Structure formats: structure tokens, C-alpha cells
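Colleague: Here it is: the structure, laid out below.
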Amino acid sequence: MFTGSIVALVTPMDDKGNVCRSSLKKLIDYHVASGTSAIVSVGTTGESATLSHDEHGDVVMMTLELADGRIPVIAGTGANATAEAISLTQRFNDSGVVGCLTVTPYYNRPTQEGLYQHFKAIAEHTDLPQILYNVPSRTGCDMLPETVGRLAKVKNIVAIKEATGNLSRVHQIKELVSDDFLLLSGDDATGLDFMQLGGHGVISVTANVAARDMAEMCRLAAEGQFAEARVINQRLMPLHNKLFVEPNPIPVKWACKELGLVATDTLRLPMTPITDNGKEIVRAALKHAGLL
């Protein structure tokens, strides 16, 4: 369940900014039908930063309900206060989620020892499998391979979403962890190369709109059929890049609406709607991918 194409799912909203249950069901049905390995609910792409704590939990629980056992659900549970991250994680104990994705603390920029103590404390307060999440471009904090190696010894820390885009991290981390510790790319543009170097899958933004292609690409890569996987990846490459032409999830949410997967591309402030120029850029990438 922690391999292959795992979608970092958008959180669909109605035109008033409330979570849209019908669009969420449509998205989940789409991923079930497309072969997506699992859903990450309320991560960065799911607008965790602009949902209240109650809403955060409610969206994860709604996702579980609508998934109805058809696809594994991973809860985003990151926070930059350890006690808060523990509380959020514990909310999902016995909920049915298969694990938690927990980002490094943002803004307060802890030391490597602080990162170790933070994630160790969270893991010690739950039996749920924990996926570390390193994305320094957003957090201002880079969890180094040596720290990952230490954390991999904690029994229920089972994987990392590595989103630096630095492919040398694959080798660096693999040298420090056991063979059953999973490495997941958090960067669509380098995801296939990441898998070719020994990674196990991708937690993907692109999969929101190209679920079947991402699932097939990851399947081929896992089977060592990299030439075939690269044909798909080259077709998706403009999309991998242009879904970040404006800050995520602005472009991907609009793309979901453009493809009829959600009713609106409503975001909550401070996120604002995609510009007209951004629409044209993303539309061209969707066409290149064969989605329009």
C-alpha cells in the first residue's frame, strides 16, 4: 500500500469554500478505477494549512467513508509543534487509515536532533505506520539522510516521502536504512528516475489528473520496464512541471475542474485562483499528456 502511485489528493470545495462531498466521492471513484495505490488525505495538496483542525479530521474521515475499503487512505498529520502533531495523529488511531504522512516542522526550523526527537515522539504515541516527509522548499528545514537513518530504526517509522528532487538522496538514504524501509519520491518530475535508483513509488500531484498513467508508469518501473515507463513519463513531463507554474495546489485544482473531476476550483485565502496565463500553460500541458 506504500508503493506505486499514491495520490496527494486535492480537497474539493464548493463555491462557498466548504468541503464538497460529491466531488470528493467522484475523485475517490476515479482513483479506485484508475489503479492508484493509495490516497493521501489532507496533505499539502489537500490544503491542510487552510483547514481547521476539526475540518482536517472530518475530511480524512469522510475520505475513509467514501473510499469504503476500496483504496487505502493515508492521513496527513504534520504540524510544527510536536504536541499538536501527536494529537492530530492520535485522532486517527483505530480510524481505518493505514498510516500517517508527517511533514518536517515548518517555519521554526529545528536542528537535526530536534527533527529526530519530534518524529520519534510522534511514533511513540501511536501504532500507526509513519511516513516521514521532507520538503525543504516549503518548510525551510531539510532532514538529512543521517537523521532519516536514525529514525528508520523506530519500529513504526516505515517510509519517507523525499521531495528535495535531489536524486543522490536515494543512495544516501538506502545506505543507512534496512531493505524494508520504503523510499517514495515527492517530486513528480524526478519520480521515475527516483524509482530507477531504487525508490518504491511516488506520492504524486500529477496523479490527481493523470491517475491511470501514473499508476501504469509506476507499475512498469517496479517491474524494471523503464523504457516503457519513460514513454509515459515523457508525455507527462510538461504536466509534472507546469502543475507548479503557480503555487501548489492552485494549478492542479484548476486542472481537476477543467477535466470535470471536481465541481469548482475554489481555494481558501491566502491561496488565490489561477491566473489566465497559468490556465493556458496548464491547458497546454494537459493536451500534451493526452488528457484534453
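Each Cβ is built from the backbone N, Cα and C atoms, and glycine gets one as well.
For reference, Swiss-Prot lists these features for the protein:
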SITE      Thr44  site 'Part of a proton relay during catalysis'
BINDING   Thr45, Ile203  pyruvate binding site
SITE      Tyr107  site 'Part of a proton relay during catalysis'
ACT_SITE  Tyr133  active site, proton donor/acceptor
ACT_SITE  Lys161  active site, schiff-base intermediate with substrate
Colleague: Where does Lys161 (active site, schiff-base intermediate with substrate) sit by DSSP, helix, strand or coil?
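Modeller: DSSP assigns Lys161 (active site, schiff-base intermediate with substrate) to strand.
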Colleague: Compare the C-alpha of Lys161 (active site, schiff-base intermediate with substrate) with the C-alpha of each of the recorded positions Thr44, Thr45, Tyr107, Tyr133, Ile203, and give the closest one.
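Modeller: Minimum Cα distance from Lys161 (active site, schiff-base intermediate with substrate) across Thr44, Thr45, Tyr107, Tyr133, Ile203 lands on Tyr133.
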Colleague: In Å, rounded, how far does the Cα of Thr44 (site 'Part of a proton relay during catalysis') sit from the Cα of Tyr133 (active site, proton donor/acceptor)?
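Modeller: Pair distance, Cα basis, whole Å: 11 Å.
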Colleague: What's the CA-CA gap between Tyr107 (site 'Part of a proton relay during catalysis') and the residue listed as 'active site, proton donor/acceptor' in angstrom, rounded?
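Modeller: The Cα atom of Tyr107 (site 'Part of a proton relay during catalysis') is 15 Å away from the Cα atom of the residue listed as 'active site, proton donor/acceptor'.
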Colleague: Using Cα coordinates, what distance in whole Å links Ile203 (pyruvate binding site) and Tyr133 (active site, proton donor/acceptor)?
Modeller: 10
Colleague: List the same-chain residues at least 6 positions away in sequence whose Cβ sits under 8 Å from the Cβ of the residue listed as 'active site, proton donor/acceptor', in sequence order, or say none.
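Modeller: Looking at Cβ-Cβ distances below 8 Å from the residue listed as 'active site, proton donor/acceptor', excluding near sequence neighbours, one finds Gly43, Gly78, Leu101, Thr102, Val103, Thr104, Ile160, Lys161, Ala163, Gly186.
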Colleague: What is the total of other Cβ atoms whose distance to the Cβ of Thr44 (site 'Part of a proton relay during catalysis') is within 10 Å?
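Modeller: I get 23 for this one.
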Colleague: Based on DSSP, name the secondary structure state of the residue listed as 'active site, proton donor/acceptor': helix, strand or coil.
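Modeller: Its secondary structure by DSSP: strand.
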Colleague: Which number gives the other C-beta atoms within 10 angstroms of the C-beta of Ile203 (pyruvate binding site), all protein chains shown included?
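Modeller: A 10 Å sphere around the Cβ of Ile203 (pyruvate binding site) contains 29 other Cβ atoms.
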